[in-house]
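Pulled from TrEMBL:
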TRANSMEM  A:97-114  transmembrane segment
TRANSMEM  A:120-137  transmembrane segment
TRANSMEM  A:183-216  transmembrane segment
TRANSMEM  A:228-250  transmembrane segment
REGION    A:308-328  region 'Disordered'
REGION    A:347-385  region 'Disordered'
COMPBIAS  A:348-385  compositional bias 'Low complexity'
Amino acid sequence: MSSTHTRAEVQEYLDRMRAALADLPDVEISEIMDDAGGHVVEVADELGDDFSAAALTARLGTPEVYAHELRVAAGYPPSNRSVVAQTPPKPVFAARFAFWALVAGTAAAFGMGIGGSSGFPLALLVGVFVVWSIVLLHRKPELIGQVGELPETAALKQAIDQAEEGPASKAIAYLKSLQPAWWLARAVLVAVSGLIIDGFGVFFLVALALAGLALLSGPRAKTDRRWLWVSLPAGALAAGVLLYVLGAVIPNATYRDNYPTSYAPTFPSLPSNVYVFDKDGKALTDVYLYDDEGKPLESPFYGCEHDGSRYREDNRYPRPRVDYDDRGECREIGGVPFAVSIPTVVQSPSASTAPSAPSGSVDPSSSVTPPASVSSAPPTVPTSK
Amino acid sequence: MDTSQLLKGVLDLAVLAVLRQEDGYGYDVLRRLRAGGLDEVGDASVYGTLRRLYNAGLLTSYVVPSEEGPHRKYYSLNEPGRERLAESGRTWRSFAHTLDDLLGVVA
């Protein structure tokens with residue numbers, strides 16, 4: 001007869017039994033659980049290979065029936081409803097609080113793991129709730145049984161049971177067999193989360209301690225459901241960290257596409273300045289240039305400082321020339337620094353086919369300082385460029 | 001007739017009786033009762049009864065560690081327990097005698 005009884009079904013039976021006795025004084029509960037709880041374990045052991053939750057119930061009745069029979073025989077009030085003095089509604093509230101703190105804690109841990117540091121204050125609050133639940137569960141061991149009896153827990157259990165019996169049953173069984181490996185990986189990932197937050201700082205030490213707890217919580221939660229309050233959030237955090245790490249390793253898929261092209265402005269390839277003349281060789285100023293789609297041909301321009309910035313961007317040409325006088329004051333000089341003579345003979349279509357090199361172009365940067373006009377263009381060449 | 005109804009009234013007496021010879025832990029008491037012929041006795045009833053007799057000061061208890069598993073709480077009859085057993089025993093005998101007489105008339 002082996003008494004190393006850690007089967008989850010036995011623990012659940014005991015939890016429910018404890019819940020059904022929850023209104024009794026603490027001393028009585030612990031005495032009964034010592035005594036009759038030991039009996040349940042012993043009966044489970046006797047069943048040996050035939051053991052199952054159903055077999056245990058067939059032998060002893062449901063935990064609630066067992067507890068009821070025991071109460072009657074012991075002369076306790078039959079059920080907690082008839083007891084007015086003993087904390088009636090509070091345990092249910094506490095159980096519900098513990099349940100939802102676990103749910104929220106698991107979700108928040110996942111969010112934290114995946115790198116949602118913006119929700120840090122909220123996650124911290126949820127963390128406080130989870131720790132509070134753990135303290136509550138520790139101080140009132142019967143609470144775990146009440147959590148087990150909440151309608152939301154029952155619904156969750158039913159969903160899990162259905163999943164385990166459904167078409168994915170084999171996959172789930174296989175995943176379950178990997179659990180010990182996952183417990184180890186989970187502890188490592190929790191420690192890694194500390195590293196991600198601040199290298200080898202305080203958070204890392206905290207995470208290291210949590211990793212130890214996470215490692216413990218896996219096997220413990222099998223027999224003592226209270227460890228779920230550590231185990232589940234740790235698992236969610238680890239899963240989040242795993243996704244985060246994967247995302248960092250494969251950045252292209254997730255991040256590159258997020259930058260729209262407008263973030264990297266592209267300018268048309270214009271020379272640093274453009275001078276325009278009419279057919280009579282008269283220089284035109286304040287000309288606005290557009291491309292074939294009607295979009296302004298804007299280009300960056302550094303002039304004198306206006307409103308704290310030298311930079312502006314528009315499609316007005318020609319740009320003024322920038323000059324500094326003896327005192328270092330900046331001046332923008334308008335006008336055109338040179339003159340051209342436009343050929344009167346040829347029209348532009350035939351002119352554009354002219355093969356000779358456009359030697360008449362003037363580098364505007366060299367012409368910035370001397371404001372004097374230079375007549376340079378040979379008469380045969382149009383100064384279209 | 002449903003013996004479980006009868007049992008309720010006399011389970012105290014039965015438990016005290018099986019503890020008279022030798023101390024025993026819960027499961028032990030249950031086995032002795034069943035071996036003695038009370039096979040309808042419920043597991044939980046026995047534990048509840050032990051608890052009540054203990055709370056009434058008729059039993060003392062001590063814990064014996066078990067190398068195989070959970071430690072066991074042994075119950076033993078103390079002086080008030082012995083007195084109660086003797087008194088309840090007398091009550092039962094006279095009750096049974098009365099009932100026998102009644103049945104004798106009916107039969």
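Every residue, even glycine, has its Cβ placed from backbone N, Cα and C.
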For the region 'Disordered' (A:308-328), jot down how many residues DSSP puts in helix, in strand and in coil. 0 helix, 12 strand, 9 coil
Per the Cβ filter (under 8 Å) with a sequence gap of at least 6 from its ends, the region 'Disordered' (A:308-328) is approached by 272-276, 285-290, 296-302, 334, 336-337, 364, 367-369, 371
Do the transmembrane segment (A:120-137) and the transmembrane segment (A:97-114) share at least 3 Cβ pairs closer than 8 Å, excluding pairs fewer than 6 residues apart in sequence? yes
Residues from the same chain, set at least six apart from the ends of the transmembrane segment (A:97-114), whose C-beta lies under 8 A from its own: 120, 122-123, 126-127, 129-130, 132-133, 136-137, 143, 147, 150, 152-153, 189, 193, 228-229, 232-244
